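Student: Straight out of TrEMBL:
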- 198: active site (ACT_SITE)
- 256: active site (ACT_SITE)
- 281: active site (ACT_SITE)
- 321, 323, 372, 377: Ca(2+) binding site (BINDING)
- 190-284: domain 'Transglutaminase-like' (DOMAIN)
C-alpha cells in the first residue's frame, strides 16, 4: 500500500509553446511518482462561465527515478515497455523454437480494456476505495493482474483448457496476439475467452503490464517442475512394466511460460536486495492466498533459495530447481525407490526470453539458480528445504545419491523430428562396470501434451540384452507415423522412456521428450510497404502427405497491417501439392511490423510462420 500521508502534490504549468494571443494553451500536468494508476478527471476554469473538462490516464513511469518501476537502461525500457511485438519460446530444452506474439499494448481500446480489468477485480468490488488507493503500488497491481488474466476466481480474461477439446472456443495454438483476446473479453461484457494455455496467459499478461508502464518480459522454463505439496521434490511413479503412472500429483512439463515484472520490493528488504525482476504467473495452477495467481516472487530470492519470502517463492523454486525422485509401484501397491534415479539436475533448463533489441534468445538460467553440479547449488537447495521446515525431509538425499557411480548408463539420442514422418531414435547402453550385465529392457512411447498429461500409448516393446564389461550397444527404436498420426493433430509431444532391470533387481532408466516439428510454411510481403498504400502478402504451404488435407483454413494477421484477422477457408489441399495464397492489405501504422500466417487442417494444427516488414511513413 502507498503511504497516503507522504504523498506529493500534483503540479501544473503552462507549456512555453502556448500562445495566449491565439487562445491555444498547452498544459504540463505532472502527477507525483506515487499517484495511483488510472483515469483522472481534469477540470479547467477560465474565469468566466466557460469551463473545460477532460480526462487523463496516469501510468507507472519507468523513466522516473522515484517510481518503484524505474528501469535505468533506455534500451531495456524500449524493449520491455514500448515494444509491441516479441517472441515466446516453446518446445523442449534441446529442440525449441520462437513463436511470434503481438502484444499490442498501444492498440485501440487498450486504455479502456486495461482499466476495466482493474475495476472488475474482486478486491475493487469488496472495497473500491482501498483498491484504488493501492494502485500506486506495482506489487499490488501486478498481483491483481496475475489473478485477472485467468477467470477462475473472478471475471478474468481467459479460461484454460488442456484436454484437447476446444470445439466451443479457440484452440490455444491458434492465438498469435493479445489484442484480439482482450478485445473479445471487453466487448463481451467481461466474459472469459476460450481457451488459453500457459504461453497465452503469459502473453496477455505481458501486454497489460507493459500498458501500465511496468517493464515486463515473457520467460520460458524448459523441463518445468510442478510441485503440488511444497516438498521441493517431484515424485514420479512407474508400474512394473516401466509405464509412468499419470495423475494429478507432481509433474514435469516440457516447458512452462510466465512473465517477469521489474519493480522494487521494499516490503521484503529496505536495502534493495530483492528489487528487480519478479516472477508473476497468471496460469491457474495452485492457489495463492485463496486466489489462482502467483507472485511477484523475486528472482534473486529464488536464486538464493529464500523460500520463506512472499509471494510464492517455494512454488517457483520447485519449478526451476526441484529434485526428481522416482518410485516403482509393485503389483501389491507397495512402492520402492528406484536405485540411483534421484535426479538433482533435470528440472529447470534453458530458462529463456527474447534478447533486448534483437530476435536472439537470452538465457536467464544463471539468474534463477547456481550451475547444476556445483557445491553452491546443493547448499542453496538444502537451505531452501530447511526454510520450508519440511518434517522428516532428508535435506542431503540428493547429495548422497549423486555420489554413486552407475555401472550401466542409458541414453536416448534423437534430433528435431518432423510431424508426418516415422520417428527414429537410438538407445545407447553402456556397461561401465567390471562384470557382465543381463538386462531386461522395456521401451514405451506415450503421446502427451506439453504438461506431460498422457493421451495414448503408441509403443510398448521389450527385449533382453547381454552387456559385457566395458561394452557399448546401440539399439534402434522406431515409432511409425501411422501409430501416432491421429493423436498428433491436437498433441505435438511424446514421452519416450526406457526401463532396464539387471539380474540383481537394480533398475536403470532414461527418457526423452520429443516435440514434433510441423511442416514448413512461408509468408512474405511483396514489394515496399508504405503507410496507407496497398501492399501484397503471399503465403505458401506444401502438403507433405500422400493424402488430401481436409478442413483447411488460413488466417493472416498483424497489428499495423491488418485491422482484423483475415480468414480464408481453403477446404481441401490435394496430396503433395502447394498452396499459394495472396492477399492485399493497407498498412495503417508506420514502423517495424510483423505479419503472421496460420494454416490449420485435418492433419496439422496451426502451422505458423511470420515475417517482419518496415512500413515507411
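Just so you know, glycine gets a Cβ as well, placed from its N, Cα and C.
TrEMBL labels come from automatic prediction, so no person has curated them.
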Student: Which one is it, among the active-site residues 198, 256, 281, that lies nearest to residue 323 (Ca(2+) binding site) by Cα separation?
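Tutor: When the Cα distances are compared, 256 comes out closest.
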Student: Among the active-site residues listed here (198, 256, 281), which has the Cα closest to the Cα of residue 321 (Ca(2+) binding site)?
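Tutor: The answer is 256.
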Student: Listed recorded positions are 256, 281, 372, 377; which of them have CA atoms within 10 A of the CA of residue 198 (active site)?
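Tutor: So the list is 256, 281.
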Student: Fill in the CA-CA distance, residue 256 (active site) to residue 372 (Ca(2+) binding site), as an integer in Å.
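Tutor: If we compare the Cα positions of residue 256 (active site) and residue 372 (Ca(2+) binding site), the gap is 20 Å.
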Student: Within 10 Å of the Cβ of residue 321 (Ca(2+) binding site), how many other Cβ atoms are there?
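Tutor: If we count other Cβ atoms within 10 Å of residue 321 (Ca(2+) binding site), we arrive at 24.
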Student: Can you give me the Cα-Cα distance between residue 372 (Ca(2+) binding site) and residue 281 (active site) in Å, rounded to a whole number?
Tutor: 24
Student: C-alpha of residue 377 (Ca(2+) binding site) to C-alpha of residue 281 (active site): distance in Å?
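Tutor: With the alpha carbons as reference points, the distance is 24 Å.
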Student: Got a sec? Which of these recorded positions, 281, 323, 372, 377, has the most Cβ atoms within 10 Å?
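Tutor: Answer by Cβ density within 10 Å: 281.
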Student: Which whole number is the mean pLDDT over the domain 'Transglutaminase-like' (190-284)?
Tutor: 91
Student: When you measure from the Cβ of residue 198 (active site), how many other Cβ atoms are you left with inside 10 Å?
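Tutor: There are 27 such Cβ atoms around residue 198 (active site).
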Student: Tell me the Cβ neighbour count for residue 256 (active site), meaning other Cβ atoms within 10 Å of its Cβ, over all protein chains shown.
Tutor: 25
